[in-house]
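Report on the structure given below.
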Amino acid sequence: MEIAQKKIIVISGPSGVGKTTLYKQMLEFFSEMIGFSISATTRPMRNGEICGKDYYFLDKQHFHRLIEQGAFVEWEQVHGNYYGTLKTELDRICHEGKHCLLDLDVKGGVHIKEIFGVQSFLIFIAPPSIEELEKRLKLRGTNDERSIQYRLKNAWEEIHKQNHYDYVLVNKDINESLNRLETCIRSIIKA
């Protein structure tokens, strides 16, 4: 991997916290400087998602073969599915001359920090409250009650690990959060 001169920015947070909205806007703001690392996953594709744009959708057998081949920088099992960052994705972004933006769970973010140290910067997006997060998950309309409760349990675990992160952004208001995240990423890139 040829990533020595580039920054790795990891954005993490519980399901429903707004991280996808936030990081997609950052990719627009910083399109000339940041590239998005498309994760591989074994979870089913959702309506509107495109393989190779949103994720690389793989079956479990293919995913496990890639693990055995050492193709991942990091991988984890989350919500019963596998997710991983392919080395080829980081290489692709670096060849474009850009810094890397990754959307990872907390375990994956901590693992990236262990591998890349000061070259990586971890940003945790937190909900204003668990009650607000539950409301957002229900409004999404993509999860049944059992799935929502499972995600809330995982959210508690992730929130308790946010101290491993370099920056914690509480997403109360999307516009305010966008401004704060833009300022944060701008300072990371300039450092």
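These residue numbers are counts, starting from 1, taken along the chain as shown.
Using the three backbone atoms N, Cα and C, a Cβ is placed for every residue, glycine included.
Unlike curated records, TrEMBL annotations are generated automatically.
What TrEMBL annotates here:
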{"type": "BINDING", "residues": "G13, P14, S15, G16, V17, G18, K19, T20", "note": "ATP binding site"}
{"type": "DOMAIN", "residues": "6-186", "note": "domain 'Guanylate kinase-like'"}
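Where TrEMBL records a feature, it is marked here on the structure.
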residue: G13; record: ATP binding site; Cβ within 10 Å: 30
residue: P14; record: ATP binding site; Cβ within 10 Å: 25
residue: S15; record: ATP binding site; Cβ within 10 Å: 23
residue: G16; record: ATP binding site; Cβ within 10 Å: 23
residue: V17; record: ATP binding site; Cβ within 10 Å: 26
residue: G18; record: ATP binding site; Cβ within 10 Å: 19
residue: K19; record: ATP binding site; Cβ within 10 Å: 23
residue: T20; record: ATP binding site; Cβ within 10 Å: 15
For the ATP site built from G13, P14, S15, G16, V17, G18, K19, T20, further residues of that chain with CB within 8 A of the site's CB center: I125, P127, L133, R136, N171
Secondary structure of K19 (ATP binding site) (DSSP, helix/strand/coil): helix
